[in-house]
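Beneath this line is the structure, given in structure tokens, with notes to follow.
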Amino acid sequence: MKGVQILVAFVLLALVSSLASASDPSPLQDFCVAINDAKNGVFVNGKFCKDPKLANADDFFFSGLNKQGNTSNQLGSKVTPVNVEQIPGLNTLGISFARVDYAPYGGLNPPHTHPRATEILVVVEGTLYVGFVTSNPDNRLITKVLYPGDVFVFPVGLIHFQFNKGNTNAVAFAGLSSQNPGVITIANAVFGSNPAINPEVLAKAFQLEKNIVNQLQSRFWWNNN
């Protein structure tokens, strides 16, 4: 009986450990300003830390989210990220931010995932059609039309998107639960990988003719390189 209790305790400990590692770890100090130079630095959570005595206000500062992003591209959208790459003081703090601009008449932040973060989005201008898809086997689409002041949440790791339904510019701001949430744009990753995925694999996966897969790969690979 005692052996069974030990085994159960071990399994529970393993489950707790796996859940804890599913998000950014909690910091063990006030802050860990990220630096790229290893000299005199301590490696913590993917970055080296600056000596905290040398930290200053600029390590925790970013300016520019009041500026409209350039949406003159094929998708008609522009994401301006504010993560640990822009604010080194975010290192180990488990949070980041972004501004998203959408062109009128269909500006799109295409289907993508954030492998390391849940996202909470607030619309400040325009009308957005947003949604996410649940995991297998249901693959249920959950959508909503958002107006200024509306807030919507995209759960961690799930495919989601935003689409401008209006005839004016749209703007949204997003908070993410990771210092570096990562972005996997579905179409780019599948059809624009480098090197390219074998077309026979994609043809069977998407139930397409191989020549169509070749066309898609040529377009996305060119856009990514």
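Backbone N, Cα and C define each Cβ position, glycine as well.
What TrEMBL lists as oxalate binding site is Asn109, His114, Glu119. The Mn(2+) binding site annotation in TrEMBL covers His112, His114, Glu119, His160. What TrEMBL records for Cys32-Cys49 is disulfide bond. Annotation source TrEMBL lists domain 'Cupin type-1' at 63-214. Taken from TrEMBL, the feature signal peptide covers 1-22.
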**OP:** Pop the Cα-Cα gap between Glu119 (oxalate binding site) and His112 (Mn(2+) binding site) into the table, whole Å please.
**Re:** 12
Original post:
What count of other C-beta atoms do you get within 10 angstroms of the C-beta of His160 (Mn(2+) binding site), across all chains shown?
Top reply: 23
Original post:
Taking the Cα atoms as reference points, how far is His114 (oxalate binding site) from His160 (Mn(2+) binding site) in Å?
Top reply: 9
Original post:
Across all protein chains in the structure, which of the disulfide-bonded residues Cys32, Cys49 has the highest Cβ count within 10 Å?
Top reply: Cys32
Original post:
How big is the Cα-to-Cα gap, in Å, between Cys49 (disulfide bond) and Glu119 (oxalate binding site)?
Top reply: 26
**OP:** Report, in whole Å, the straight Cα-to-Cα distance of Glu119 (oxalate binding site) from Cys32 (disulfide bond).
**Re:** 23
**OP:** List the Cα distance (Å, whole number) between His160 (Mn(2+) binding site) and Glu119 (oxalate binding site).
**Re:** 10
**OP:** Using all protein chains shown, find which of the binding-site residues His112, His114 scores highest when you count other CB atoms within 10 A of its CB.
**Re:** His114
**OP:** Averaged across the domain 'Cupin type-1' (63-214), what pLDDT does the model get? Just tell me the whole number, please.
**Re:** 96
Original post:
Taking the centroid of the Cβ atoms of Asn109, His114, Glu119 (oxalate site), which other same-chain residues have Cβ within 8 Å of it?
Top reply: Ala98, His112, Thr113, Ala117, Leu121, Phe154, His160, Ala174, Leu176, Pro181, Val183
**OP:** List the other residues in this chain whose Cβ sits within 8 Å of the Cβ centroid of the Mn(2+) site residues His112, His114, Glu119, His160, in sequence order.
**Re:** Thr113, Ala117, Phe132, Phe154, Leu158, Ile159, Pro181, Val183
**OP:** Provide the number of Cβ atoms within 10 Å of the Cβ of Asn109 (oxalate binding site), excluding the reference atom itself.
**Re:** 26
